[in-house]
Structures are given as structure tokens and as C-alpha cells.
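Per TrEMBL, the feature transmembrane segment maps to 61-83, 89-110, 122-142, 162-183, 195-213, 225-246, 267-292, 312-333, 364-383, 389-407, 419-452.
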Amino acid sequence: MGRVVRSQRYRLQHQQRLLSGVARVAAVRYIHVTGPRRTVIGRAQSVNQSLRRTITVWQGVALYVGAVIGAGVLLLPGLSVTLAGPASLGAWLFDALLGIPLALVFAALAARFPDAGGVATYVRFAFGPALGTVIGWFYFVASATAQALVSLTGAYYASRLGFGRGEAFLLAAGILVIGTVANARGLKVSGRLQLVFSGVVATMLLLALLVSLPRFHAANWTPVAPHGLASVGQVALLIFFAFFGWEAIAHLSEEFRDPARDVQRATILSVGLITLLFVGVVVATIGTGTYGSDDVNRTVIARLMSNGAGNAVGMLTAVLALLISLGTVNAFIATTSRLGYALARDGVFPAPLAKVDSGGVPRAAVLGVGAFAGVALLITYVANWGPETLLVVPNSLVIVTYVIGMAAGARLLSGVPRVLALFSAVLCLALLPFSGATIGVPVVVAALAIAYRRWLGRPGPDSMARTQSAIRR
């Protein structure tokens with residue numbers, strides 16, 4: 001069993017480097033480290049000595065862009081403009097620029113704890129294991145729910161081929177089944193292929209802007225804020241889903257050739273590139289007036305391509321969006337199941353999810369994740385919701401996680417990184433009032449996590465000893 005666990009740990013660490021979206025960062029969220037901080041720091045220093053510093057600035061940019069750009073941006077531009085008009089551009093700029101301090105703080109935390117697993121690591125060190133467990137639950141629920149969203153995104157784009165609502169949901173369910181079965185059999189999309197998917201999305205966004213330029217009309221830019229300025233804040237919270245992932249490669253900060261210089265450069269360049277792509281497609285959406293109805297909002301990139309370059313190109317875009325969603329769901333399930341396995345192994349999640357088969361695959365966790373996403377999809381269908389309604393679950397959970405993570409950064413760091421952590425926490429807190437009743441989602445999940453840990457939790461194995469053993473080997 002020890003060999004299987006170590007094998008899982010090495011496989012997980014490898015996947016962390018290149019996976020991309022909300023669940024592609026899930027595997028690096030939960031930390032299985034306990035014990036005095038001085039022990040962890042000492043261990044981190046010994047690990048640093050063996051790290052190969054090979055990542056260049058532009059490789060770092062590719063990793064950051066791959067971690068952030070995903071299926072979310074295929075869904076949200078039209079919806080954001082419908083809700084806030086041209087003023088929605090302010091929301092996209094706010095969320096994009098927030099990525100600079102977030103990424104720099106996560107990189108600073110990872111530099112201090114380079115062997116750590118993500119936000120829950122820092123929260124444990126700053127506030128104790130109970131809150132670290134809550135963060136693990138937050139990411140599991142957010143990531144599993146996001147799978148339903150991504151599958152729906154692909155299905156809605158495929159509906160351009162003539163599907164109705166029922167057929168779209170059946171196709172989304174089929175995407176989930178394929179991803180679940182593939183992972184249960186040990187078949188996962190590689191990290192490099194995920195980067196290719198992100199590159200395809202980036203190319204689609206750029207082309208959508210370019211082919212739309214001749215169709216811009218000045219009249220589409222007024223009124224600027226038809227629903228008031230408060231709608232801009234609501235949109236900033238809603239579209240935050242498209243920006244998840246800044247912390248995904250923070251654990252690689254020590255592998256840059258010159259961490260002190262290159263991490264900052266890669267972060268700023270990445271934010272600039274992502275901002276140009278995201279804002280560019282929103283500008284195209286506004287300038288051409290391609291928004292308004294649910295059908296248009298949910299397939300806006302394909303609509304822009306079809307209107308600007310012909311129906312065949314629009315159909316090709318829809319097919320690519322379907323394939324990208326399928327690949328992203330596969331990665332979602334791979335990473336989220338490992339998170340569920342780790343939580344269960346450490347005694348704070350149902351015990352059956354801690355089992356692995358002879359091939360080292362946590363099959364029970366894979367099936368559990370697929371079932372969770374399937375239930376979310378079923379509820380969405382029965383309640384006659386759209387994907388935008390389901391967005392409140394991952395959005396509210398991750399924004400609260402970022403607030404807590406930045407608070408941990410303010411406690412653990414000093415100097416400029418500490419100031420950036422406080423600044424980021426304030427900006428994230430500024431979004432919470434726009435969540436309304438949905439703030440109850442993290443409250444409920446936190447209550448369930450604490451209750452499970454207190455009354456049903458089991459003492460897990462000594463994960464510090466296990467980690468140190470793996471390092472020695």
C-alpha cells in the first residue's frame with residue numbers, strides 16, 4: 001500500500017505542472033502535511049537543493065496562460081454584456097488585474113513552502129488543520145460542480161448543430177460519462193494536451209476578435225451601463241470563474257531560472273496576454289451586438305466566428321469547443337478524484353474514496369466525482385436552470401478560498417508580499433457583497449466539513465512521515 005501511495009504522490013506532482021480551469025488546479029489544493037512549521041521549512045530547504053531551475057519567462061507565461069484559460073471564457077462574454085452592457089468591460093479588467101497580486105502572493109508562499117500542495121497548505125500553517133480541511137472541501141465541491149458546467153458548455157456549442165435543450169443535457173451527461181469511464185480505466189488527458197487545448201481556446205478568442213472588427217458599430221456602445229453600476233460588480237463576481245487558476249503553478253516558482261526576476265515578469269506578461277484575449281472577445285461581443293438571448297450568450301464565440309468568417313467556420317468552432325470541453329472534463333475528473341482520495345486518506349472525507357485499485361487508480365473517488373457532477377447536472381435540468389445559475393457554487397467557494405488564502409499570506413509573509421496579500425484580500429472581499437444569498441454556499445459546505453471532521457473523521461496516517469519517506473526514496 002505504501003508503494004501505491006507514493007506512486008500516487010509522484011503521479012500527482014507531475015500532473016500539477018501542466019493541468020489547466022477550476023478542477024485542473026484542484027489536485028494541488030489539499031495539503032497532507034502536519035507538524036511544526038520549522039520542520040516543514042527545513043524540509044523545503046532540502047528539497048530546494050535538488051530542484052532544477054529550467055523554466056524560462058516565456059515557459060512560465062505558457063504555464064500561467066494554460067492554467068487560467070479554459071472553457072469558462074467560451075460561456076461568459078455574452079452573459080456578462082447582457083447583464084451589465086458595455087460597462088461589463090470594467091468587470092473583466094478588474095478580475096484580470098486582480099490576477100497580478102494573487103499570482104505574486106501565491107508564488108511568494110510557494111517559494112517559502114515549495115513542497116506544499118496549494119492554498120490549504122498556507123491556511124493550515126496560518127490558521128490550523130480545521131480550516132485547511134474546509135479549504136479541501138471547498139475545492140472538491142467547486143471542482144466537481146465545475147465539471148457539470150464545462151460539460152454543459154461543450155454541449156451548448158454542439159447544439160449549434162441542431163440540438164434542443166434535452167439533447168444538449170444528454171450530450172453533457174455523455175461527456176461526463178466518457179470522462180468518468182476513461183479515468184476509472186486509468187486513461188487521462190496529458191498535461192501537454194491540456195496546454196494545446198488552452199492554446200486552441202486562445203487562438204479562437206483572437207480570431208473571433210479579428211473577424212468581427214469589420215462588423216463593429218458605434219451605436220452598440222450606448223448606453224454604457226443600462227442596468228446601473230451595481231450590475232458591474234455582479235458581473236465581476238460571476239465571471240471570476242474564467243480567472244481561476246493563478247495559484248496552479250505557484251509551486252513551480254523555485255524552478256524558474258531566476259525566481260526573483262522571472263516569476264514577476266511571467267506573471268505580468270501572463271496577465272497582460274490574458275487581459276488582451278478576454279477583453280478583446282468582450283469588445284467584439286459589444287461592438288457587434290452579439291448577445292442578448294440565452295442561445296446566443298452560451299455560444300457567443302461560435303456566433304462571432306460564424307458571422308465574421310462564415311457558417312462553416314462557426315460550426316468548426318462549435319466542434320472544437322465540444323472537444324475542448326471533453327478534454328477539460330477528463331482533466332477535471334482526474335484531478336478532483338485525487339483530491340477526494342487525499343481527503344479520504346487523511347480521514348476527513350468518506351473512507352471508501354481512499355481506496356485504490358491494483359493499477360493505482362482511485363476508482364471509487366473517480367466514480368464519486370462523476371456521480372456528484374451528474375447530480376449537479378440533473379438538478380440543473382430539472383430546475384430549468386442554465387449554466388449561469390450553477391456558476392454561483394464554484395464562484396462563491398473559490399472567492400472565499402482566495403480571501404482566506406490571502407489572509408494566510410498576510411500572516412505568513414512579510415514586506416511587499418504581505419502588503420500584496422492584504423491588498424488582494426480587500427479586493428476579493430469587495431466582490432462578496434455582490435454574491436447575495438449565494439454566500440450561503442460556502443457557509444453550508446464549511447459546516448458540513450467541520451461536522452464531518454468532528455464526528456465522523458478518522459485520524460489519517462502520519463502524512464509528514466510519509467512525505468519525508470517519499471523524498472528520501
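Placement of Cβ uses the backbone N, Cα and C atoms for every residue, glycine included.
TrEMBL labels come from automatic prediction, so no person has curated them.
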Recorded stretch that, among 122-142, 267-292, 312-333, 389-407, has the most CB pairs under 8 Å to the transmembrane segment (89-110): 267-292
Interface check, the transmembrane segment (195-213) with the transmembrane segment (389-407), three or more C-beta pairs under 8 A: no
Top Cβ-contact partner of the transmembrane segment (122-142) among 267-292, 312-333, 389-407, 419-452 (pairs under 8 Å): 389-407
Range from 61-83, 312-333, 364-383, 419-452 with most C-beta pairs under 8 A to the transmembrane segment (267-292): 61-83
Contact ranking winner - 61-83, 312-333, 364-383, 389-407, 419-452 against the transmembrane segment (225-246), Cβ under 8 Å: 61-83
Long-range neighbours of the transmembrane segment (312-333), counting only residues six or more past its ends (CB under 8 A): 19-24, 26, 70-71, 74, 143, 146-147, 150-151, 153-155, 157-158, 160-161, 175-176, 178-180, 182-183, 187-189, 193-194, 197, 200-201, 204, 211, 299, 301-303, 305-306, 366, 369-370, 373
